[in-house]
Amino acid sequence: MIQVLLVTICLAVFPYQGSSIILGSGNVNDYEVVYPRKVTALPKGAAQPKYEDTMQYEFKVNGEPVVLHLEKNKGLFSEDYSETHYSPDGREITTYPPVEDHCYYHGRIQNDADSTASISACNGLKGHFKLQGEMYLIEPLELSDSEAHAVFKYENVEKEDEAPKMCGVTQNWESYEPIKKASQLNLTPEQQRYLNTKKYIELVIVADNVMVKKYTSNSTAIRTRIYACVNTLNLIYRAFNIHIALVGIEIWSNKDLINVISASNVTLDLFGNWRRRVLLRRKRHDNAQLLTAIDLDGPTIGLARVGSMCDPKCSTGIVQDHSKLDVMVAVTMAHELAHNLGINHDGNQCNCGGNPCIMSATLNFEPAYRFSDCSRDEHWRYLIDNRPPCILNKPLITDIVSPPVCGNYFVEVGEECDCGLPAHCQNPCCNAATCKLRPGTQCEDGECCEQCQFTSAGTECRAAKSECDIAESCTGQSADCPTDNFQRNGRPCLNNNGYCYNGKCPTLDHQCISFFGSSATVAPDVCFNLNLKGEGNFYCRRENTRIFPCAPQDKKCGRLFCVLGPTGNTISCQATSSQSNVDIGMVDLGTKCGDGRVCNSNRQCVDVNTAY
């Protein structure tokens, strides 16, 4: 039998009311000094880790005792988490720091069912918690007594800037058809299973060089800022059954790798190009957010492409580091990430139960922690219509050496499910007290799990997206849909106008339409002769600054040329290029370049039977 030893640290609690103080969070007009009392339950003789899996702190707020329960956010980092920075001479330096014993926690206030908390315990307690419907912040005081903390309401923090702050996404609500509520959607069983399946977003955050200067080249401060934001991001997205794992951060310590300017739409486009061309080749991830300290144009503090999750270029966002408060920047990042997940701004008809809404176009002065009914319905509709594939891939989870914690919403070693604490669990398949499946059940989540049982073999769980894709069906032996496969590369498609390549049917005409609109078509051969010169933007291959002209047989694998509508007696060769991304405007790999021939990775037009 395990004996439990209660260890109490810092027994005294001396509340003190202050009128005004300058803290890391800003100027605070009214605050309370508290000395949190930490109570830890440890097995007798057990070695105490640096940061325990669960902790409790007792202190007083407004003279009333509260108990803050904390549980380590074990899924904060992926197993292959990495950090990249650059030496003064521009060399890329990537490290894989140990992150198992980190100090970031989620939590709740005892006897307050609606409470939440996002706390860093790295050097004292720093973060925020919700108590009786109000947002409080806590942070250590820099006093000789290191246990002293300030607790204060968010409303008592002096606003840094009274000017309105807004998201850069623009839309005209009146132009949209009314959104069907989730209850009105006529879902098939397969669609309902997909919605119920837990989703995962593998996130990379890039800090630009202005961030480096703002934090005086203190990479620890930048990392701490990012970790705190993602910890809060995770808490917010529980509402959508989405787990966010930080797989990497990149700090542009030497110089910006793109031209970061105040025009947010331009910067976002450049960042997306860089992500597709550079970052994705180096680091597997689903979404990347650029955290910048530049002052974006006008009231804009963030921008993202709506409905772009998993897209190589557009699954990105830009977030301005606009506040001293971690929570305000985290809420902005949650807002932009929601755009990637197909969610637009809330209209007047949207409801958050009397609380500020995350998807308000204008930033609320009080941190918004809730998605509206409109946001939920739009997100569900986006998932059903688009099925972004990357968010079903479970990230590699850091191998935790400490025991699993039942009730932290994260399935760890030895657990079969984890639906939170018994008071919050709404999963009929899972025993919240043991984190084991209930007797007679086979599963609790997955595209091939229905009413706690494996779906029958042969039931379609992923429809084919095109004639080059393959529909997948449940095996009857697993809750997971089989790996997404597609037709063999080189199979004819679109009435022999193209050949399948990685599940798609790339053609020159379709690429012209994507660049120039529905009236665009591929240009005559005479335009492609420009690729034979190997000058300027017209070539087949590029190695650093050296360009190589196309051989005559390869000219339709270099720069793409299009025409817009009827040409008459004059041919106007249209092409596009980008200084920041040399691949923009080039013919896609796998595109048909002649009968029985396709463009390979060396931009050569080769026999389709030997290309793959």
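Heads up, the Cβ atoms here are built off N, Cα and C, so glycines get one too.
What Swiss-Prot says about this one:
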type	residues	note
SIGNAL	1-20	signal peptide
DOMAIN	199-395	domain 'Peptidase M12B'
CARBOHYD	ASN218	N-linked glycosylation site
BINDING	HIS335, HIS339, HIS345	Zn(2+) binding site
ACT_SITE	GLU336	active site
DISULFID	CYS350-CYS374	disulfide bond
DISULFID	CYS352-CYS357	disulfide bond
DOMAIN	403-489	domain 'Disintegrin'
BINDING	VAL405, ASN408, PHE410, GLU412, GLU415, ASP418	Ca(2+) 2 binding site
DISULFID	CYS417-CYS430	disulfide bond
DISULFID	CYS419-CYS425	disulfide bond
DISULFID	CYS429-CYS452	disulfide bond
DISULFID	CYS443-CYS449	disulfide bond
DISULFID	CYS448-CYS474	disulfide bond
DISULFID	CYS461-CYS481	disulfide bond
DISULFID	CYS493-CYS505	disulfide bond
DISULFID	CYS540-CYS550	disulfide bond
DISULFID	CYS557-CYS599	disulfide bond
DISULFID	CYS593-CYS605	disulfide bond
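Put simply, HIS345 is the one of the recorded positions GLU336, HIS345, ASN408, PHE410, ASP418 whose Cα lies nearest to the Cα of CYS357 (disulfide bond). The candidate set comprises the disulfide-bonded residues CYS430, CYS540, CYS557. Of these, CYS557 has the most other Cβ atoms within 10 Å. Sorting the domain 'Disintegrin' (403-489) by DSSP state (H, G, I as helix; E, B as strand; all else coil) yields 0 helix, 15 strand, 72 coil.
In sequence order, TYR409, CYS425, GLN426, ASN427, CYS430, ALA432, GLU444 are the residues near CYS419 (disulfide bond), counting only same-chain partners six or more apart with C-beta under 8 A. Within 10 Å of the C-beta atom of ASP418 (Ca(2+) 2 binding site) sit 22 other C-beta atoms, taking all shown protein chains into account. Ranked by how many other Cβ atoms sit within 10 Å of their Cβ, the disulfide-bonded residues CYS417, CYS448 place CYS417 at the bottom. The secondary structure of ASN218 (N-linked glycosylation site), as reduced to three states from DSSP, is coil rather than helix or strand. Nearest by CA distance to CYS449 (disulfide bond), out of the disulfide-bonded residues CYS352, CYS557, CYS599, is CYS352.
Secondary structure at CYS357 (disulfide bond), as computed by DSSP, is strand.
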